[in-house]
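J.: I have a structure here, written as structure tokens, and I will follow up with some questions on it.
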Amino acid sequence: MRATDLTLGILVLLGGIAIYVSAMGFEVIPGQSYGAGTMPRAIAFATIGVGLFIAGKALMAGDRSLGFELRDWVRSGRALFRAGTALVLIVVYIVAAPFVGFTPAALFVLLAGMLVLGTRPLPAIAISIVATIAIQQSFGRLLLVPLPRSDLFSFLW
Amino acid sequence: MPNRFAAIATGFSLVAGAAYAQDYPDRPIQMIVPWGAGGGTDAVGRIIATQLQQELGVPVNVVNRTGGSGVVGHSAIANAEPDGYTIGIMTIEIDMMHWQGLTDLTYEDFEILAMVNTDPGGIMVSADSGWDSVEAFLESVKAEPKGTFTASGTGQGGIWHVGMAGWLLSEDLPPDQITFVPSQGAAPGITDMVAGGVDMIPSSLAEGRSMIDAERVLPLATMSAERQEAFPDVPTLAETTGSDWTVAVWRTVAGPAGLPDDVRDTLVSAIETAYNSDEYQSFMQERGFGLRWAGPDEATQIVAEDDAAFGEVMRQAGLAAE
Amino acid sequence: MGIYLEAAGLVFQPYVLAVIFCSAAFGMFVGAIPGLAATMATALLVPVTFFMDPVPAIAAIVTATAMAIFAGDIPGTLLRMPGTPASAAYVQDSYEMTKAGHPEAALGASLVFSALGGIFGTLVLITASPVLAEVALKFSSFEYFWLVVLGLSCAVFVSPGSPARGLVSLLIGLFAATIGIDNPAGAPRYTFGNVELYAGIQFIPAMIGLFAVSEVIRAFLARNETPKVANTRNASIFRQQFKNLVTYPVQAIRGSVLGTAIGALPGAGADIAAWISYAVSKKFSKTPKKFGTGHVEGLVEAGASNNGAMSGAWIPALVFGIPGDSITAIVIGVLYVKGINPGPTVFINDPQLIYAVFIVFLLANIIMLPLGWLAIKGAGTILSIPSRILMPIILMFCIVGSFAINNSPTGIIIMLVFGIIGFLMEENDIPIAPAILGLVLGPMLEQNFVTSMIKSQGSFLAFFERPIAAGLGIFTLVIWSIPLVLLLVNRGKSASVTPS
């Protein structure tokens with residue numbers, strides 16, 4: 001999904017305006033003329049400038065097309081499904097791990113990921129189990145990262 | 001689906017819950033430190049954790065939850081399950097952040113187990129500043145118009161900012177007679193002062209120790225009732241300008257409010273043993289940190305008194321939210 | 001001389017050497033795991049060092065840190081998952097070298113020139129630290145402001161493609177850095193009342209998202225279409241680097257010098273150093289076009305600079321007890337506990353201890369070569385794992401690494417959001433590296449600007465009133481005006497050539 005130069009310029013410009021508007025509510029440090037709004041405002045001006053530059057350059061080059069060029073993958077339902085899975089798996093982990101604990105959540109993410117990418121089931125199961133235990137042991141035990149505990153697998157802790 | 005997971009998980013934790021009443025602790029304890037690795041609070045947290053681990057027989061793992069001027073880490077301690085498996089180091093910022101309107105959290109959301117350290121504020125200037133006493137410094141501050149001099153050492157509304165404002169108020173000066181320049185902590189503030197960026201640092205003397213030893217920084221006074229053991233030549237404010245203002249940062253070990261009594265007692269006695277260990281005592285002395293023991297009741301009282309005092313100063317200095 | 005022998009006697013003992021070796025292996029392990037930083041390795045070692053004598057305690061931390069920093073280049077080179085913002089400066093080149101089938105050449109360059117930079121920095125530390133520390137003490141917010149602007153400028157100018165798109169990336173990073181309440185005013189910005197957002201956007205999860213997750217998304221999209229990487233196993237790692245040293249001696253020295261100098265400034269550090277060195281390398285290169293396409297030249301200079309800066313950071317730490325980063329802060333704490341109080345007196349009171357520490361620095365950089373060699377050999381096998389198995393495992397490492405940085409699921413959410421942003425940016429030919437630098441340096445830029453304005457009571461002239469600040473400021477302005485002048489000159493030329 002590639003924006004044309006003019007579109008990108010306009011998007012950047014709008015982003016800059018949005019930052020400027022959102023920064024209007026930030027207060028200054030008491031007794032000073034600078035404060036929380038200084039930096040966002042400076043960023044907003046720079047962003048507006050860059051947006052104008054990109055859009056202006058596109059217009060000067062005679063490129064007036066607006067919108068997005070679609071890449072091949074957008075047309076492939078399977079590719080979109082796989083990429084979507086990667087994102088959904090992250091969300092699944094975020095939601096599930098605090099409840100079920102690290103071990104089952106990680107096992108699920110690894111296994112589902114491998115299956116979607118076309119690994120055969122048996123190797124996928126075996127590798128997922130080994131990888132989960134290896135990650136849990138190295139992070140949880142050796143590096144003392146407080147991964148969410150799962151009581152079902154408490155023997156691993 | 002998540003509901004079923006949750007149900008299973010709850011089931012297990014109930015079983016676990018029933019078990020712990022008899023033999024707390026039976027699994028690793030998390031010690032949340034609201035400040036980053038490498039800082040003083042982190043060091044105190046880690047040495048206490050090491051000692052607690054020996055005392056309680058289970059791993060006590062230090063977990064840094066940093067950022068948001070301490071709000072994030074303190075929230076994590078207060079919002080944890082009050083089962084004794086999550087405790088943390090609560091720092092003085094808890095008495096200020098709610099006045100600033102950053103959070104609703106106050107010390108009352110915690111079960112304060114013990115106070116293990118305090119460090120009084122001080123007044124430090126650059127060695128080549130020309131001031132050799134706090135009286136001389138104060139005279140300059142009074143003589144020149146507001147805003148002539150600058151100070152630094154914490155963020156906006158941080159403890160040393162409040163400490164300085166309280167001192168100025170006690171000398172009948174406006175709390176912003178000296179302009180406060182926010183910094184990311186005492187060390188960058190002190191470096192900036194030596195580079196000529198600001199005039200004064202009101203942080204604890206311990207934080208300026210290496211530069212004091214290097215004779216780049218001159219400690220003029222300590223904001224405590226008595227002189228500090230590590231700096232016997234530095235007078236108190238009362239001895240010099242006659243101000244009765246004192247301020248000190250402290251560190252406490254705390255858990256979320258509502259800890260079961262037996263868990264609390266186990267922890268308090270383990271912390272007391274840790275505090276009295278040679279390792280802790282020598283560590284704190286070597287680092288130049290002030291040793292101070294206060295049990296749950298006394299610690300809570302100190303925290304409450306500071307809370308009220310800071311609220312008053314912050315209102316007068318315009319640092320408190322409306 | 002006697003003092004050196006005494007110091008050597010403290011270091012060359014079986015116990016100390018064993019500690020050095022173990023902590024080296026530990027540092028290598030922690031650093032090589034994507035998402036784990038050298039700071040974490042150091043913090044984990046602290047409780048262990050409580051029970052050691054001063055020299056082995058310092059040796060453990062110094063060695064583990066040096067290893068972890070190099071090892072951070074391994075996931076960067078092989079999987080485009082840089083371990084530190086500094087290594088993000090040259091990750092494009094090293095990853096392109098991997099894709100071209102030369103991962104060992106890229107890692108070898110990182111290893112050898114990291115070690116060289118580190119050794120150079122240590123020698124400077126031994127010989128000139130008091131002088132350099134004096135200079136570092138002259139840096140106030142005005143000087144740091146210009147240094148940060150200089151670093152950010154470099155990110156824009158080195159980014160492949162159009163500078164305008166590099167600037168867009170930088171602005172995305174700078175904007176993300178404004179989130180949270182850790183700003184000079186202490187005011188919440190863009191937090192929507194969410195306590196977790198008070199802490200702002202941590203750069204490690206953001207970096208994992210921008211680089212690694214976007215790459216994982218691409219791999220999931222393409223499935224088996226990723227070209228198989230040919231792994232050249234037979235090439236000798238060190239022979240290639242000898243060739244590099246002969247070809248690029250100036251770059252190696254320039255990188256070491258600049259890195260050590262910038263590293264010695266407690267408010268700057270390795271991040272700025274590596275980026276400025278990469279930009280300098282590209283500027284003076286005979287083949288600047290090759291930068292970013294898998295060219296080793298920038299790797300040589302920025303790699304040397306990176307580790308030079310790490311050694312440089314010890315200069316203010318040992319001479320004045322001023323920490324430049326979280327690692328030196330931890331070590332200063334350990335030094336105090338061990339009764340070695342950093343400051344000028346340590347050179348008088350305990351010279352043998354300080355010299356022992358120096359010897360440990362040199363040893364750490366030397367032992368890095370064989371251990372790094374082993375790690376490179378071992379890590380190369382990662383590339384022979386098919387991506388249908390490797391990618392889900394990497395995804396899991398990304399998740400755990402993002403969680404571990406602040407032990408909070410917020411890190412994973414940040415990673416996810418920045419993964420999508422990074423993917424979209426690359427789809428639009430917007431480079432992602434400048435966004436990382438913007439995120440890291442944004443808070444420094446704001447802090448130094450706002451505090452400078454408070455100190456100067458609102459006068460912009462103050463940025464040019466101090467000698468060093470004036471020098472840096474004029475230099476920065478010149479750098480920015482050159483491309484504008486060139487643009488105008490070119491426009492003038494093309495206008496006169498093309499008849500209208």
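Note that Cβ sites are derived from N, Cα and C of the backbone, with glycine treated the same way.
According to TrEMBL, the record shows the following:
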DOMAIN    C:17-437  domain 'DUF112'
TRANSMEM  C:15-38  transmembrane segment
TRANSMEM  C:50-71  transmembrane segment
TRANSMEM  C:105-132  transmembrane segment
TRANSMEM  C:144-161  transmembrane segment
TRANSMEM  C:167-185  transmembrane segment
TRANSMEM  C:197-221  transmembrane segment
TRANSMEM  C:257-280  transmembrane segment
TRANSMEM  C:313-337  transmembrane segment
TRANSMEM  C:353-376  transmembrane segment
TRANSMEM  C:388-404  transmembrane segment
TRANSMEM  C:410-425  transmembrane segment
TRANSMEM  C:470-489  transmembrane segment
J.: Report, as numbers and ranges, every residue of the chain located at least six residues beyond the transmembrane segment (C:410-425) whose Cβ falls under 8 Å of a Cβ in that stretch; write 'none' if there are none.
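T.: Same-chain contacts beyond the flanks: 169, 172, 196-197, 199, 201-202, 204-214, 216-218, 398-399, 402-404, 431-432, 435.
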J.: Cβ under 8 Å, sequence separation of at least 6 from the ends of the transmembrane segment (C:50-71): give me the contacting residues as numbers and ranges.
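T.: Tertiary neighbours of the transmembrane segment (C:50-71) are 10-11, 15-16, 19-20, 22-32, 36-38, 41-42, 83-84, 110-111, 114-115, 118, 270, 306-307, 310, 327, 330-331, 334-335, 337-340, 353, 356-357, 360-361, 363-365, 367-368, 371-372, 375.
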J.: Do the transmembrane segment (C:197-221) and the transmembrane segment (C:388-404) share at least 3 Cβ pairs closer than 8 Å, excluding pairs fewer than 6 residues apart in sequence?
T.: yes
J.: Are the transmembrane segment (C:313-337) and the transmembrane segment (C:388-404) near each other by the rule of at least 3 C-beta pairs under 8 angstroms (pairs 6 or more apart)?
T.: no
J.: Checking distant contacts: for the transmembrane segment (C:105-132), what same-chain residues at least six beyond its ends satisfy Cβ-Cβ under 8 A?
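T.: Beyond its ends, the transmembrane segment (C:105-132) has Cβ neighbours at 66, 69-70, 73-74, 77-78, 93-95, 97-98, 232, 235, 237-238, 240-241, 244-245, 252-253, 255-257, 259-261, 263-264, 294, 296, 299-301, 303-312, 314-315, 318-319, 344, 347, 358, 361-362, 364-366, 368-369, 372-373, 376, 379.
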J.: Counting only residues 6 or more past its boundaries, what in the same chain has a CB within less than 8 Å of a CB in the transmembrane segment (C:167-185)?
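T.: Here the qualifying positions are 152, 155-156, 159, 191, 197-201, 206, 421, 425, 430-443, 445-447, 450-451.
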J.: To what whole number does the mean pLDDT across the domain 'DUF112' (C:17-437) round?
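T.: Mean pLDDT, the domain 'DUF112' (C:17-437): 85.
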